[in-house]
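Here the structure comes first, spelled out in structure tokens, and everything after it is commentary.
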Amino acid sequence: MFNYRHSSFSNGRVIWGFYIVLLYSSPPSCLANFNQAKELIYKIKEGLPKGTYIGAIGPDLNLDFTVDPPFSFSFAQKKVSEQYVILNNTTGELYTSATEIDREALCPDNYEQWGCVLPLDVFVLPQQYFQLVKVKIVIQDVNDNRPKFPVDEISITIPENALVNARYAVEQSAVDPDLGSHGVQTYWLVNDFGVFTLDVEENEGGELTPFVIVTDALDRETQAEYITDIIAEDGGTPPLLGAATLKIVIADVNDNCPQFTESQINVTLHGNASKGTHLARLHAFDPDLGANAQISYAYSERVPKDTRSLFHLDRITGVIKLARKTDTGTATFYKLTVLANGPGCIPAVATIHVNIIKVVTGPPAVITRYIAPEKDGVVTIKESEPAFSPIAFFTIKNIAMNQRVECFLEGTGPFRLTPYQLLRNEYLLETTENLDYEKTQEYELIVVARTTQDIVIETFLKVQVLDENDNAPVFEKSLVKISIDENNSPNTFLAQLQATDQDSEGRGEVIYLLGGDAPEIFILDRVTGVLIVAASLDREEKETYRFIVRAVDQGTPRRESIATVVLTVQDRNDNSPRFLNKDFTFFVPENFPGYGEIGVISVTDADAGENGWVALSIINGSDTFMIDTGRGTLRAKTSLDREQQGTYQLWIEAADGGEPALFCITMITVLLLDVNDNPPTVLFPQSNQSYMLVLPNTLPGTSITEVYAVDRDTGMNAVIAYSIIKRKGGEPGSFAIDPETGNITLKRELSNRGLYSLLVKVSDHGQPEPLYSTVMVNFFVNETVSNESYIQSLLTKEADIEVEDRPWYISQMREGPERYESLSCQPILIVLSVTSLGLFFLVIMLTSFICLRRFRIHRKKQSEAETPLKMKNDSAQGVNRKLRQISNI
């Protein structure tokens, strides 16, 4: 590639030549693709989050990214393209943008066989590499839409005489904008009431239509409608559901005939009754509806024409009134036969006996004026009307001045008839208390007017109470307590809630709803009140659920009541005990007192009650330790000695109290920390009676012998220091001892022959107090040993041991090559120094081994000559060597 910085061209022709060279040095693939549009297809699922990788245009076009100038990528239409896709201008990588792609919104009219495609045009630059790349991103469908019915309530009508297996289509089928198996797959009913079932048919276009099939005989007079939920289910995993209220209306057929409520009525009428006087009201009932329940009243052919002309019968209402004024001087009896006719029915028959009483003088008359709504002699009043609501005025006419009239009310109910203020012969009929439709729906009253001549006038009145939505539904229990074992199966039945409403018709119909505080896992059937839990419950996650349910009637305004559901999840032993640590390590100083607390083993169990009670036990059969189960405390039954055993490994089992019990196991390591409880043990000399032969001509600086000791403790408790604390014979400073190795060196010539004794103190560096031992080192200065018994007598002879003229450490500092300081930190510094030097020499030895093999062999020989005195593996050899020296003497 041509380098700009090393170019020495400066004129225009040179620059143009450079571009020509650059053009021909570009990758052949770029030249081959120049001005050729290519197409790339990527597939992604809808709804992906921002930053999801789609694909890389550059690698997929096999572009050479080593060219100079480098490639760059850009959208042809940025506003449209960048709404859904982000393009890396350098690498050509495509990612989803902040706007999630919704396949249904992007391709609303898309058919499954064509797919939903987001087309993009991408320019590849610079100009010498220019390409137009056609990118097609195929948006694959995911199940992100629920089936939805076009209306919330679907109503179908089925005649009550429908045959079993008759089919009725539910035209308002559900719609799911998802494709293929993600669309609607089936329908089902929440409640079929035992008389319906649901079938699904698929037409040639693949659309599904649900059909309601009658499975048992219907009777509108028993139940006029059925309300349930129809569910549409798609084929996703998991499936999504859509619901609508399905109202099945049972259409009436004429399968009932009229029947009179009263088949015989007796009426008494005074001879001076005026035209229009109300005699009676016939009432026939047909349980059918509409035209099938239409009833017309007519006289039988047996009733003479003149009688018909005297008593007018309303064919619609059944009210019989006096058509003309009667003869006052004649007592007459009439028999009226009335027929109730219904479509296609045999008429029902009722008989009215009218007895007209002869009146000598004009009788009084009662005029009725209604205040409450009235129709055909029936007064209606709402149950919400307050007490003392007026119903009607009654005025008594034709009363002579010397006549007295007694007016009173016959019949039961909360009514009273009283004189109205101070007006004569005016009476007001009113209520005495609130009416209650739920107690009594209808009252029959008789207003009786009686004169002093015992003339009685009776006026019949029917009061009908109109129901209002004045009662809220009432739950059988306001607090519903439910218990269920955890790990239940999904859709488990919990309870059936029941509420009653004393109101009539729709005002008394109750639906059940969950309160806003109810978790989504609970499902309540709005019609039956069946409560189920859709998911498996975990007591350890939540033990108690408390929420409200509502019972709502269908009146106006709606009334409701609430009940509280308290669901307790019962524990099952589904959790094993769990140690808080994978394993435990406890550090305990040796000689720890028996039954002292070594450590606490923390264990938990998420279950409750006996299922969460945990017992601990040692399963590898140790008699040394025990566990306090109550606190989980590990204790040692006896005092522990690190020198006997420094580490213990115990396997602990935790078992809960469930049936069956669950277990878990952990390992506990008990490490004993060293305590300075062992003084140094002198291995050489073996006793205070041992001695060595030293020749008189031994030169100063000669190593005579050594004191060798070991300590069973560890660390600083086992670091040993040697010192001469007393002497017998010789001058002060005649002998020196190395505080680290115990090597005894002659410092001055021995002028006298005989026995020399040194009392050597062997001390460790333990804390808080160092421990020590002493040993007597004896030298017999002579050319040979001629009389051992004499020497033994000298050793056993008690004699004073003189204290060195100056402390051993001062003499070592001034006269010997070894150093030992008396400060308490000196042993630590010595150990650290020795350790550092050892590491330093180890590095040098490794380096020398790689570089100079001959030097390593030399170093090895030197190491063999300087065998450490304090290595435990060589201690026995050192003792044997000293014994051989003594035996040679």
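Backbone N, Cα and C atoms are what each Cβ position is placed from, and that goes for glycine too.
Listed in TrEMBL for this protein:
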- 36-149: domain 'Cadherin' (DOMAIN)
- 150-260: domain 'Cadherin' (DOMAIN)
- 261-366: domain 'Cadherin' (DOMAIN)
- 415-475: domain 'Cadherin' (DOMAIN)
- 476-579: domain 'Cadherin' (DOMAIN)
- 580-682: domain 'Cadherin' (DOMAIN)
- 686-809: domain 'Cadherin' (DOMAIN)
- 828-852: transmembrane segment (TRANSMEM)
**Fill in**
Reduced to three DSSP states, the domain 'Cadherin' (686-809) has 15 helix, 50 strand, 59 coil
**Item:** Interface present between the domain 'Cadherin' (150-260) and the domain 'Cadherin' (476-579) (three or more C-beta pairs under 8 A)
**Value:** yes
**Prompt:** Counting by DSSP, what is the helix, strand and coil composition of the domain 'Cadherin' (476-579)?
**Reply:** 4 helix, 49 strand, 51 coil
**Request:** Over the span of the domain 'Cadherin' (261-366), count residues by DSSP class, listing helix, strand and coil in order.
**Result:** 10 helix, 46 strand, 50 coil
